[in-house]
Structure formats: structure tokens, C-alpha cells
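Here is what TrEMBL says about this protein:
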TRANSMEM  33-51  transmembrane segment
TRANSMEM  72-96  transmembrane segment
TRANSMEM  167-186  transmembrane segment
TRANSMEM  207-226  transmembrane segment
TRANSMEM  246-266  transmembrane segment
Amino acid sequence: MLLTPIFTNIFTKLTGQDPHDFRFKQGNVPLSQLHEVVFGFALYLTVVFSIQHIMKKHNPIRLKWLNFLHNCILCVGSAILVTLFMEIIIPMIYHHGFYYSICNPAARDPASGIEILYYINYLFKWYEFMDTVYLALKKKKLQFLHVYHHAFTMILCYVELDGGAASSWFVICLNIFIHVIMYYYYARTSIIKKPVWWKQYLTTFQIVQFVLDLFVINFASYNYFVNKYNINLPVYGQCYSKNNRTALVSWFLISSYLVLFIDFFIKTYKIKGKKAAAAKKAN
């Protein structure tokens, strides 16, 4: 382990608490209650659309270096966070197997230090709301996919945190890994306007991410529900979650993301690509 001892030392000095002792309960830490999540969701939408309306009468605000710093924070922060997750998950898979890591309740044992990482990831989603604020201040178009994804991912991460499903790490770690690449891209393009050749592949990676997410979610949810309700169907084993909500919300939101990102990919890279090729041929 490389980062875990450093993180433990810094966290303990800052908070006076060992991260391995952290326990998430509604009301015991900031932004941990459902009404706070609903308020944050509503506030996010209100603020970004209010800014968009106000900016109609003003020139775009230049935020080049502030935006660069914001994206660097999220790129580096995501890299650190996914590394901390992997320093827990990889030994777990090595010693017990992948099935254990997505189904056994021990995979969510707070004493491993994983609970605080889920909470930090959830807090990241609040900070990521600033992505949309910067777009609105720069008078960039607020695409439905962007706003929907940011608003509901905060809710998804809260549900994953509160629900305690063993498989949550898979969805979250894939998302964080993609964010390392994505925020590097945003940081780079905020100061260097030249496009990168791999931009299209970033969207492809996100689509693959959601397909893999759904495979794990469906496997874990199927085993969870069949065991919980004693349904007479074959099962591979028993997968742990505190409640039904985690499986249902995760499945719905990840499925909706998959549909929206495929639609975005087709419209952005396929249809526009064909139009550009046709225009070039005509000239």
C-alpha cells in the first residue's frame, strides 16, 4: 500500500479520527440526510438555470485559469481516490475472488477504511456541480445529458453510500477512473484549444463503463432479490445490500446513462461525421 498510510495520517491529523473508524449514518456527517440530498438537487438546477438566464444579458465570463485549476483538482483528486479504493479492493479480490468483492458484506466492512472513501466520492459529486456553473458563466450550451448526469449522479452516489451494497465499489471505481481521464482532458482543453485525437474514445469508454456496470448490477441484484424473496430460481450465491433501493435506483440511472451516452455518441460522432464527410466531398 502506497497512499493509504499517507491518507490515514493526514486524515487523522485533520479530523482527530482514524478513517478506519468512520461510520456513515444519516445525520452524523454533513449532507448525509435525504432532505439535504433533495435540497442539493433542487438548488443545483435552480442555480445553473438562473445563471443561464442572467447571462443572456451579459458577456461570457472568462474563467480560463480558474476552470483549469478546478479540473486539475478533480483529475488529481480522482486519481488519488481510485488508488485508495484499489489498495483495498485488489488485495480483497486476490485473496477471496471477484464474487466475494461484489457480494459478501465483508466487502463493505467500514474497518477496512472503504466507508470513508465512499463518503469522499459522494462529496466529490457536490463539488462537480461547479462544472455546470462554469459552463453557465461562460454562456456555453447546457446539454440535457450534462445536467441530468451531474444532478442524478450525486443522488446515485448517496444511494450507493447509504445502501451499503457490496458491489457499489465497481460502479464507483469505474466512474472515478473515467473521471481521471475526463478531467485531464478538460484541464488540457481549458488552456490548449487544440482538440485531442482521443476525444471520441472517451465517450466510448464511458459507454463501455455503463455496460460493465449493468452486468455487475444485474448479477448482484438478481442474486439479492432471489434470495431475499425466496424465489424459485437458480442463484450463484447471495449478494449483500441493506435495502432494495440501491439495486433499483442504480439499475435505472445507469441504464438511462447508457441510453443517453449512446444517443450523444451517435449524434456527435456518427451523424456529424457523415455530414462533414458529405460537405467535404461536395467541395
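Keep in mind that glycine also has a Cβ here, set from the backbone N, Cα and C atoms.
Bear in mind that TrEMBL entries carry predicted annotations, made automatically and left uncurated.
Because the structure is a prediction, the values reported are computed rather than measured.
The stretch from 72-96, 207-226, 246-266 that makes the most Cβ contacts under 8 Å with the transmembrane segment (167-186) is 72-96.
Remote same-chain partners of the transmembrane segment (246-266), defined as residues 6 or more beyond its termini with a Cβ less than 8 Å from a stretch Cβ, comprise 143-145, 148-149, 152-153, 155-156, 159-160, 162-165, 168, 171, 203-204, 206-207, 210-211, 213-214, 217-218, 220-221, 224-225.
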